[in-house]
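Undergrad: Dumping the structure here so I can ask a few things about it.
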Amino acid sequence: MFYFVIFIQTAINTGVGIGAILLAGECLQIMYSNLSPSGSLKLYEFIAMVTMVMIALSQIPTFHSLRHLNFASLVLSLGYTFLVVGACIHAGLSKNAPHKDYSLESSSSSRVFSAFTSISIMAAIFGNGILPEIQATLAPPATGKMFKGLLMCYSVILVTFYSASVSGYWAFGNKSNSNILKSLMPDDGPSLAPTIVIGLAVIFVLLQLLAIGLVYSQVAYEIMEKQSADVNQGMFSKRNLIPRLILRTLYVLFCGFMAAMLPFFGDINGVIGAIGFIPLDFVLPMLLYNMTYKPKTSSVIYWINLFIMVVFTGAGIMGAFSSIRKLVVDANKFKLFSSDVVD
């Protein structure tokens, strides 16, 4: 069970790393296309730039070393949300406001598949508390601090993610792009928000994505370095420094290569949510609780946990099927190393 959890968590973190590099590259592309509409640079070239920066930043040795970066990421997240919500409200009320269509797909089967894909994407996007949530299960004294971190994490998620998603859907309806900045800067019309606002939002989210990629990569680094490092020698000794430099560089290069080759932002989030976040957030905690505390089969808590496990196992299976189906369908829309991100 332990190795299974580690495998799932590593897969999630790698997927988040790929998504962060992809979205950061797309943000650079948005800024570039605004400054140079006829420019020749492609998406994969911006992803390569982000990857090089990530390789340099990945050499920060430990998770504890990122504490100041994490605080900066929190401030950037709040700033980005404030800018995006304001821009969406401005766009929705402007004279150039796009037509809002909130209708669902006509086919009932498509609606069902889209619903489970959306559940999986929401699990991935709003499941960011998984790292402090796992840490909160450790022995004291970590539990107290990590529980506070968990409460802070979900409070920030509630304020930032929900406000941005609700305002974006209100302004653009079902035509809203997975990267709301692209909706604010349509290809066939004028910008729907002031340039300075979009520019600041791009800078904020770009810096935050670098922080996200660093934080989520730490699990993979720790697993690799448990096998490669010599604990009897210093962190910056040649014996430990060279393997760390090589392994972390190869890991980030892999994430960057996958982001450039397969630019499926929404689809990747759906798959990660279905096979990663849903089991770790909703199934395994209930299973481990019943295995650890062994409540009586006649108790209410036992049946509540069992009900949650069954429901979310089904949601995870359906979400995985619908997300992979969407991935296969969307595969017909692009070429390898495409310059457009597939929603």
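Cβ coordinates are placed from backbone N, Cα and C, and glycine is handled just like the others.
Okay, these came from TrEMBL:
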type	residues	note
DOMAIN	1-325	domain 'Amino acid transporter transmembrane'
TRANSMEM	12-31	transmembrane segment
TRANSMEM	43-60	transmembrane segment
TRANSMEM	72-93	transmembrane segment
TRANSMEM	113-131	transmembrane segment
TRANSMEM	151-172	transmembrane segment
TRANSMEM	192-216	transmembrane segment
TRANSMEM	245-265	transmembrane segment
TRANSMEM	271-289	transmembrane segment
TRANSMEM	301-324	transmembrane segment
Undergrad: Could you check whether the transmembrane segment (43-60) packs against the transmembrane segment (245-265) - three or more CB pairs closer than 8 Å, residues at least 6 apart in sequence?
TA: yes
Undergrad: Give residue numbers and ranges for long-range contacts of the transmembrane segment (192-216): same chain, 6 or more residues beyond its ends, CB-CB under 8 A.
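TA: Cβ under 8 Å, 6 or more out: 12-13, 16-17, 20-21, 23-24, 27-28, 30-31, 34, 50, 53-54, 57-58, 60, 63, 66, 69-70, 72-73, 76-77, 79-80, 83-84, 86-87, 90-91, 94, 96-98, 131, 181, 183-186, 255.
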Undergrad: Out of 12-31, 72-93, 271-289, what stretch is closest in contact terms to the transmembrane segment (245-265), meaning most Cβ pairs under 8 angstroms?
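TA: Result: 12-31.
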Undergrad: Can you tell me which parts of the same chain pack against the transmembrane segment (271-289), counting only residues 6+ beyond its ends and a CB-CB cutoff under 8 A?
TA: 1, 5, 8-9, 11-12, 15-16, 19, 116, 119-125, 127, 130, 133-134, 295, 305-306, 308-309, 312-313, 315-317, 319-320, 322-324, 327
